[in-house]
Each structure stands twice: as structure tokens, then as C-alpha cells.
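J.: For reference, the structure I am asking about is given below.
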Ligand code: COA
């Protein structure tokens with residue numbers, strides 16, 4: 001299990017709070033989006049604090065990437081979530097923050113690992129958000145630790161170049177045919193959208209929305225799609241790497257759309273796309289701000305995975321996305337098996 005690595009002169013940030021009924025679904029399972037928002041808040045505090053230890057403009061660290069995040073065990077109402085966040089690598093303009101999430105049952109004292117995450121932040125000047133500031137470097141305990149960090153930095157740089165094109169992909173409209181949207185277990189049947197006006201509550205030190213807020217909305221839409229497909233209690237199992245290429249300003253309207261891409265025997269993969277448009281700045285065109293793949297599982301009343309109804313595929317586009325989803329599913333499964341064997 002990853003544990004805080006104790007970089008010289010840096011202490012990990014601790015954040016904890018009890019889970020309330022409005023953090024969970026009707027079955028008492030805490031939403032993955034709530035955990036993602038807490039993870040992001042911890043990352044934002046630790047990286048903004050670090051970047052302001054130097055002279056010059058004050059800055060806010062903006063979330064630009066979250067590595068694939070697994071939700072290892074469900075968290076319930078009344079449990080206490082403990083987040084530990086630590087800066088583990090700095091490049092010239094970005095920082096990596098690693099986070100561990102523990103869930104504590106305060107009645108029994110039992111603690112378990114709920115999730116682990118790695119996030120990347122970029123400091124932007126509060127005077128002018130287009131100015132990306134330099135990041136004060138951290139001191140590593142050993143040369144190996146620094147080298148490992150550099151490898152993670154290089155690997156994500158390559159991966160995000162490869163996925164940039166997909167972010168630009170245009171969302172097809174909902175199927176026109178009445179029949180297609182009414183036929184259960186088709187992509188069109190469960191596809192769902194949520195519209196949100198970015199207001200002051202979504203932004204803290206400047207006029208741009210926090211990544212945690214966006215991830216929470218994305219998880220909410222993904223959950224609606226998954227529940228519409230299988231009509232059961234559903235939970236987030238994992239979120240693939242997310243890149244935040246564009247900022248979303250206060251006053252923008254965001255449309256978050258989710259659709260099923262792939263279904264295995266007991267899991268569902270959903271693609272969630274976030275489009276933003278300004279209500280007042282007419283010259284600003286609607287743009288794709290973020291996209292990500294979420295995996296959900298359906299649970300019975302004892303929190304055991306249930307079979308998922310097969311997805312009825314219509315047309316070549318849906319078939320292509322299904323096959324790509326299948327490839328991601330097989331790859332993730334092989335990686336989990338390899339990781340388990342190593343432990
Ligand atoms: N993941 C990790 N690092 C990233 C990244 C990503 N998705 N995008 C940029 N970076 C890093 C780069 O590696 C670079 O650091 P380096 O010089 O040390 O290697 C640094 O950011 C600047 O990269 P650059 O290419 O000059 O800038 P950019 O054109 O990618 O713009 C932002 C960077 C932050 C201005 C832009 O990506 C942005 O505005 N993103 C949205 C951030 C946000 O609003 N988050 C919340 C969304 S809801």
C-alpha cells in the first residue's frame with residue numbers, strides 16, 4: 001500500500017470529515033464523486049500552499065490531470081473519510097500530488113483503504129490566469145525517488161498527447177427515433193445530460209471552476225446512466241485518467257453528458273463529456289472541456305456485484321466504441337491481475 005513518502009521539509013496534508021446522507025445514494029453508499037471532490041480539495045490546498053512559498057504573483061494550483069483512480073471498497077453514511085495528500089514530484093510548471101483515502105468506522109475503530117489517487121496541478125497567477133508560474137522544486141529523499149517521479153511525469157505527458165484528439169470529438173445528438181430511445185438497454189435509452197450554471201460556489205480564489213466540482217458532476221451523470229441501464233443500486237468502481245485541457249469560467253453553462261460505451265458481465269463503462277459555453281460572451285463558442293471513462297458496477301442489497309443486462313448496440317459508431325471499451329476492460333483486468341500477483 002502506498003504510504004506518505006516523507007519528502008524533506010514537506011509534511012503531508014490531512015483532511016477528514018464524516019459522511020452525511022447528502023453524500024450518498026439512497027442505499028447509503030457514498031458517491032465516488034464526493035470522494036473525488038475531497039481528493040481534489042486536498043490536492044489543491046497542498047499544491048497551492050507549496051507554489052506560494054516563493055516570491056512573485058500569488059497563484060492557485062489548477063487541476064490538470066487525475067491518473068486512473070480505483071474505488072477499492074465502498075464507503076457508507078456515518079463513516080469518517082481521511083485524506084492524506086503529499087507532493088511527490090515537481091516539474092518546471094507542474095506538480096504531482098499522491099493521495100490516499102481511508103474509511104474509518106468510528107463505532108468499531110476499523111479502518112480500511114478506500115482509494116488511492118495521483119493528481120497533477122499547474123500554478124496559475126491570480127493576477128492573470130494565463131500566466132503559468134514556475135513550481136518550487138521539492139527535495140527528494142533519494143535519487144531513485146526523483147527518477148521514479150520523472151518517469152511518471154514523462155509517461156503522462158505521452159499519454160495526454162495521444163488522448164487530446166478524442167477530447168475534441170463531437171457528441172452525437174440523442175437518437176431521433178422515438179423507438180430507439182424507448183427501447184431498454186440501448187445506448188440511447190440511458191444516455192443522460194445535466195446542465196449546470198457555474199456560480200460563485202464552484203470557484204474559490206478566482207473565477208474558474210475547480211476540477212473537483214466538475215468530477216462530482218461527471219460522476220453524478222455517469223451514475224444516472226448506469227442506474228437507468230440496470231435499475232439497481234450502482235457504485236463507481238473506477239475512473240480512467242482525466243485531462244483538464246480547458247478552464248471553465250464562472251457564468252458558463254456546462255452540459256455534462258454520459259453514455260454507455262461497453263458492458264461486461266458485471267461492469268459498465270460510460271463515457272462522460274463536459275461541454276462549456278458562455279451565457280454572456282457571444283464570441284466564445286461552445287467547447288469540449290473534459291471527457292472521461294467511468295466504470296460502474298451494480299450491487300445487490302448485500303453489496304455484492306450483480307450481472308448487468310447486455311448492451312443492445314445500434315450502428316457502427318456504437319459498435320466501434322463498444323470494441324474500444326472491451327479493449328480497455330481487458331487491459332485493466334490484466335493489469336489488476338498482474339498487480340495482485342506482485343503483492
Ligand atoms: N496533465 C499534466 N500536466 C499538464 C497537463 C495535463 N493534462 N496539461 C498541462 N500540463 C503541464 C505541462 O506538462 C507543463 O508543465 P512542464 O513545463 O513542467 O512540463 C505545464 O502544465 C504547462 O503546459 P503548457 O503546455 O505550457 O500549457 P497548456 O497549454 O497545456 O495549458 C493550462 C495549461 C493549465 C493553462 C490548461 O491546461 C488549462 O487551463 N487547463 C484547465 C485547468 C482547469 O481549469 N482545471 C479545472 C477544470 S474543471
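Positions of Cβ are set from backbone N, Cα and C atoms, glycine also.
Please treat TrEMBL annotations as automatic predictions, because they have not gone through curation.
Here's the feature list from TrEMBL:
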- 25: active site (ACT_SITE)
- 219: active site (ACT_SITE)
- 9-127: domain 'HotDog ACOT-type' (DOMAIN)
- 188-302: domain 'HotDog ACOT-type' (DOMAIN)
J.: Hey, what's the Cβ neighbour count for residue 25 (active site) at 10 Å?
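T.: That number is 15.
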J.: Given residue 25 (active site) and residue 219 (active site), what distance in Å do their CA atoms have, once rounded to a whole number?
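T.: Cα-Cα, rounded: 12 Å.
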J.: Let me know how many other Cβ atoms fall within 10 Å of the Cβ of residue 219 (active site).
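T.: Around the Cβ of residue 219 (active site), 25 other Cβ atoms lie within 10 Å.
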J.: Could you break down the residues of the domain 'HotDog ACOT-type' (9-127) into DSSP helix, strand and coil, giving a count for each?
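T.: DSSP composition of the domain 'HotDog ACOT-type' (9-127): 23 helix, 57 strand, 39 coil.
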J.: Let me know the model's mean pLDDT on the domain 'HotDog ACOT-type' (9-127).
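T.: That stretch averages a pLDDT of 95.
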